[in-house]
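Take a look at the structure below.
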Amino acid sequence: MLSYVDRLVLPVLKPDLAARYNWSESGYADLALYFQLVYGLAYVVSGRIIDRIGARLGYAIAMALWTFGHVLHIAFTTTTGMIWARLPLAAGEAATFPAALAAVTEWFPKRERALAIGIFNAGSNVGALVTPLLVPFIVVTLGMGWRAAFIITGALSAVWIVAWLIFYRRPREHSRVQEDELAWIEAEPTEPQRPVAWASIFRVRQTWAYMLGRFLIDPVWWTFLFWLPDFFSKQFHLSLSEFGPPLVAVYLLADGGSILGGWISSRLLGKGWSTNRSRKTAMFIMALCAVPIAFATMASSMWVAVALIGLACAGHQGFSANLYALPGDLFPRWMVGSIVGVGGLSGAIGGMIMAKFAGIILATVGSYEPIFVVAACAYLLALLVIHLVVPRWQPVPKAVIERIAK
């Protein structure tokens, strides 16, 4: 949750700061681009680090770094300066999903992972719900100014670091886990941690399925995070104090989609469907939810636009809940962090391309229509590509795994 709060404070403030400090569309697009560049590179590194030191310590170190970068925003007023503050924020936040996925793999058997991922996706979206309400409350209602928004939310993150270190443990190290619960968690055979031959993972088609999926869908979500406040500001002339209701509605729908996408595949698995059929059926249903966003700029009212965008956000979260389960489904546990890392890099590269595209479109065309058309098509295309690369969603053969391991 706090990851999204810290990430979204600047986008929520963007319309006001852009007007106050004369930011250009291309300058803001570059800010998004460099954030994703560092995020993607750090994602790879963080995945491998978490494979080695575990989610508990790795996540705490990363969050300390991102909290520093978040508070550093108060020192700048230009997009160039803000880029320098976003770099440590991006580097630290890159550990969010590798650590969370590693924790899910530690705590849940395969049949429950997509639902667990959907729940933590929904939890992260709580940050997206809170930020459009919290930032105007601090800046407008309390009259504390935009810098206070960074300071107060940064303090919340610092408190969380302490709580994480106190409470998180692996199942076998947790005093409240019973033997029957441990047996359920560890029902699948486990292997000891092993080093990964970096170049070898790219010879496996399952790696490419995950990378290409992330390359196609992550840019859409990044666009929502960075530009939705600006869209509502320009399309419906909303001020900072008016962003709350539409953005909260959008991310509430996203929360529902996150849980629904995970629930569908988990339900189908429980009925005896194969992992391949269950995951891809759920992904297809959620991909269809994104299609109507192509008409969001033509909406007759703000709330119609909210419904179309919220449905697309729900589709993204439900789709991603199943895509993010791929590393845990198809690779041994000791490889999950590395696979997630290269997938994050691929998604960030796609996000950089999308950020540049969005900046050019907004500076020249001045409309979000082309951006939303791309978003509408991304998920069906991603599912098609994933299916062509991995027709059967099944674990990588042991012989191939042995070649990957050093």
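The backbone N, Cα and C atoms fix where each Cβ goes, glycine too.
Curation plays no part in TrEMBL annotations; they are all automatic predictions.
What TrEMBL annotates here:
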{"type": "DOMAIN", "residues": "1-394", "note": "domain 'Major facilitator superfamily (MFS) profile'"}
{"type": "TRANSMEM", "residues": "31-50", "note": "transmembrane segment"}
{"type": "TRANSMEM", "residues": "57-76", "note": "transmembrane segment"}
{"type": "TRANSMEM", "residues": "82-103", "note": "transmembrane segment"}
{"type": "TRANSMEM", "residues": "115-139", "note": "transmembrane segment"}
{"type": "TRANSMEM", "residues": "145-168", "note": "transmembrane segment"}
{"type": "TRANSMEM", "residues": "208-228", "note": "transmembrane segment"}
{"type": "TRANSMEM", "residues": "248-269", "note": "transmembrane segment"}
{"type": "TRANSMEM", "residues": "281-299", "note": "transmembrane segment"}
{"type": "TRANSMEM", "residues": "305-326", "note": "transmembrane segment"}
{"type": "TRANSMEM", "residues": "338-365", "note": "transmembrane segment"}
{"type": "TRANSMEM", "residues": "371-390", "note": "transmembrane segment"}
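Of the two recorded stretches, the transmembrane segment (305-326) does not lie close to the transmembrane segment (31-50), with fewer than three CB pairs under 8 Å once pairs fewer than 6 apart in sequence are set aside. Sequence-remote contacts of a segment are chain residues at least 6 beyond its ends whose Cβ falls under 8 Å from one of its Cβ atoms, and for the transmembrane segment (208-228) they are 4, 7-8, 11, 14, 28, 32, 36, 128, 202, 247, 250, 290, 309, 312-313, 316, 319-320, 323, 326-327, 339, 342-351, 353-355, 358, 368, 371, 374-375, 378-379, 381-382, 385-386, 389-390.
Averaged over the domain 'Major facilitator superfamily (MFS) profile' (1-394), the predicted model reaches a pLDDT of 87.
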